[in-house]
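Here is the structure we will look at.
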């Protein structure tokens, strides 16, 4: 209810501020008997780690996860999994410049409005640092889903005006942009350099997919699979839009064009993005998200102080010119968390049900 | 948990199938002492009523709401408000053609996969008829919000390739398309005629806004105001995308362009759509949704039977060529429900908090 | 969250006041394919119906339930089941005597404190009339549980100082007191007569049991099966205590006496009442509840008006001298609701688990 | 949903096993601006700490709590408070004797039934060690409640057959039994010695009270204040019964005797235990709980192995002869957690309500 948990049957609760002692969380509802250890989680964490390449922030956190409970002799026990990641790189610094001013595009002003005051060191709770815990939870969810033959993958498909023209999913994890079109890596590199020079930033678009999800997951009418995905993906820092399947393109489509026809071998197309009536169809689940440009830039901007007086703000420090890059593993994690939740819900509710038809 | 409820402090639960005895729901958590009667709810219901104009389905339902509880001497008591709308227009008809076949683009196939069988009369639970209860609940939420000076409004801003070029909000409720650009009403009319003739349908885009929301509503980090709006808006039938503020346009924006600068008089722009870090900023809350074209069309399409055999489907009956039109009051309702929920959550959590700054 | 719902996977929400238009509710999460019709529900409702015998209130309600949704061709569809029971016996009467005074032992004063005002006709929302919806929901839960071989039964085991000495479960449903000791029916009858004459009332104790529950249901550590039973049973009007197994008797027991030893054939005793560590053991689940004497009595009592002035209250009207009698089917219903919820939760969480041991 | 969280607006989630790396939790929903530091929490933790006196287990844990987040400059920020308590005293020992056998009265057998296997070191998740996190969370809740003038206190009022005859609340925290009757301390001491010698254990009864709770807290009809207290108190390890006010004594009371009359100065008595219709009355909230005798005793008992074969079990190790003693601060914590949750819920729902009457 206070908003730091997500999921019903598979429930993830996070805590922690960017410059506090540690971040962490509780992953509750993981079925028992699943192989799990710190290395499995660490593998995902390392993908979103700051400082992992020169295109993202230079801040270096070990991001070393500790599993405190819920795992015994290498397997989950069914009890809650407590995890902690210490904040090792909390440089002692002078916050006086942001302490009493509101950085435009940041949550400084809204946290003050909501809570009356805030932890002004870095982004506090609003920092993307919190998402490390989500990635850890997602890694656990993927362990369970992979046993069901489900694979989740994501890629950055656009940065600024540079769009992927080709989708080579093999290439995605081999370049620092998680970009599926290797022809444009030089252009991306040039854009990042230009932005760093200008002290500016740019937005990005991410595509995230799940393959192998059977038909029948999702709870009408409010907790539709797509509605829950919209919730979980929009909860990622900086995300401003979520689309399922053809997304906003459906506005100009005709019904005869949009509907995915069905044959005994399966669906002919996937405009729906794998969800009909809020329930999975067995097509791949496909979602797209838009991430706004990083708000922490060194281009001066007008703002006000906590006393309501005009001031100018320049954000110094180590920041990604494009937060979208690091959001790729986060998007995968959120999709995994939401899918596992719906798998367990479906299993509880309709365990004894079998669908009439099978594709050949 | 089974998915037919939305909201935490203000909680709406719906029930009912399109061709069952009745639809209805429970609106729980409405504060006491709010003026309420059936006429207030009916006013909103009539806006989304089928048959209210010749552009939507010819099915005529009285859609007369009965309040069964929670209101005493014209005011809410704080106890749950039970409402029922009888299904009066359940024509006896022959369903044998859809009973064992899956209409492409419909939830027939996914309901069968999830539940093992389905109520095949009309859309059953997946029918948009269920949204009448949401509109009723939204009308109650608006009664509470209007006391806080909050006004919610929506318009269809695009149908097919016809986009609104002007935004005359006064005109929206005076035309059957809820369209803000009166110059294009003839074009819309022509498109509907063409679609009816072709037995086809088209998608639509809706803009929904809330004015007067103070800064400080929304719960980081998962139950962000925008994430909860994404959930509630994506839960509307046929919605395939949700955008907050500039939405997908942020992908190609620079940080210096996107961030909304702040002056002692207020925000200079509203690219954010009224939400920063998941919390309202006091700017107008602005969201956009995309609705897919109606799946029930008379253009023949390939499909399969419940036994997995190939067949051809032609959907007969009374259907809207554009479901997006009637979704306008539904979008308003969902925004109202989500905002009221967050108002009550904020009031409980941070009742004694006052923000440091005030705009002049 | 506003408190009118119970359960997670099997979720019951009720609405309605004693003298409003109707009472009803939504039963969400019932698995699909379960045989259900109004007669099955009515059978349970008739057991708690006012006026069903001369020992309970003379008010006569038809208590005829209507299923509005969620059932198709005699089976549940997995979608929410909406039910309504009209209030047919709302005698027009003069409430001026209770309108501005607080009846001692009643919720009048607390509802006014919480909501600022109340529906003063009868008990409003605090009336036991609301429990009819629980009994209906419990009847649905029992349909699902009975397929798993689970039987639920309850009896009034004490009224005033009259305790059951023998437990003849066959006799329980053949006498108007749901009493298992037929030797004492005359004494109970005499006590009721005496109370009616004196205008007074008396408390009662109820034992409720579930047989056939397998080991493994219940969620540590907060949502233990016994903790959830305590919640659901204590939520019944007038209940002041809940005991599992030996209850308060454990205070003076030794560990060597209390613990239930185990043999290859099963547990040797059942002091635990079927729950260890919050999880079912496969022993019968046994609970006891205490119900306070009816507060509506004609013995004059001191009280205050809504203005805080002293007054004397005499409650007129038709009231049970012992509310505990009618609570027997309600207790069964609440146990059924809680057990089904935990069955579905267990099925979702640990569907693929099999316990190592089996009793021979 | 998986059961390791409690509360709606004030939500406590715990993790950890008795012999794992650490125990801890997330306290979410604490209002901002509340003074908090580790010393405040430690004070309560020390009261339930094992080894704090010779009447409880000799196991010594530092039980040193670390606050990882949610507190900034000595005040809560409104964001989730992460806490961790390392398990420092995990003696390396031989568990082979309990690894494959089920200790009677323990959760060994039910955990195996639920999860298919278990962490057999100590009690694993079912150990009372988990309650340290509850005490920490309760300490935070008390910080908020004390600002509202609410004081919570508990005492052990019976151990075995030794009942408190006098209630000297000043004395409770000055003796190792939290017993309010100093006349009987010698008898308690003698009983513990006898039990230790016999290798046996005994049950206990605890009374827990809240003073200063205003009228109007609690949510009818399921989340009544007393029903939620029953849930939270029954969720404490070893608790088998919960009573509010007169509890099971109401069974033999008359209505004219039980009901608490009201005068302009307040309630004349408190048979109700401070709750009517599920809502607080402004009387003290009074609850009683029964704790079963410790199951870990050295008296041999019959049991079975995980393979279902007969065996004899003798539990060695360091165990309290009466778990009830240490449950006193746990009971206080659970009452504080539940009350704060209802305070915040009431504040959100009915913030603008004022009750008509005031006691003089």
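Each Cβ is built from the backbone N, Cα and C atoms, and glycine gets one as well.
Taken from TrEMBL as is:
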| type | residues | note |
| --- | --- | --- |
| BINDING | B:48, B:54 | NADP(+) binding site |
| BINDING | B:125, B:126, B:127, B:237, B:238, B:277, B:292, B:293, B:294, B:295, B:296, B:318 | FMN binding site |
Residue B:292 (FMN binding site) CB neighbourhood, other CB atoms within 10 A | 30
When the number of other CB atoms within 10 A of each residue's CB is tallied over all shown chains, which of the binding-site residues B:48, B:125 has the maximum?
-> B:125
Take the C-alpha atoms of residue B:125 (FMN binding site) and residue B:48 (NADP(+) binding site) and report the distance between them in angstrom, rounded.
-> 18
Between residue B:292 (FMN binding site) and residue B:48 (NADP(+) binding site), the C-alpha gap once rounded to whole angstrom | 18
Only counting partners 6 or more residues apart, tell me which same-chain residues put their Cβ under 8 Å from the Cβ of residue B:294 (FMN binding site).
-> B:201, B:238, B:319, B:320, B:321, B:322, B:323
Looking at the binding-site residues B:127, B:296, which sits with the largest number of other Cβ atoms within 10 Å of its Cβ?
-> B:296
Taking only the Cα atoms, work out how far residue B:127 (FMN binding site) lies from residue B:48 (NADP(+) binding site), in Å, as a whole number.
-> 14
CB neighbours of residue B:238 (FMN binding site) within 10 A?
-> 21
For chain A, give the subset of the binding-site residues B:48, B:125, B:127 whose C-beta is less than 8 angstroms from one of that chain's C-beta atoms, in sequence order, otherwise 'none'.
-> B:125
Integer Å distance between the CA atoms belonging to residue B:48 (NADP(+) binding site) and residue B:296 (FMN binding site) | 19
Residue B:294 (FMN binding site): secondary structure state under DSSP, collapsed to three categories = coil
Give the three-state DSSP assignment (helix, strand or coil) for residue B:238 (FMN binding site).
-> coil
Would you list the binding-site residues among B:48, B:127, B:238, B:292, B:294, B:296 that come within less than 8 Å, Cβ to Cβ, of chain C, in the order they occur in the sequence, writing 'none' if nothing qualifies?
-> none
What does DSSP say about residue B:127 (FMN binding site): helix, strand or coil?
-> coil
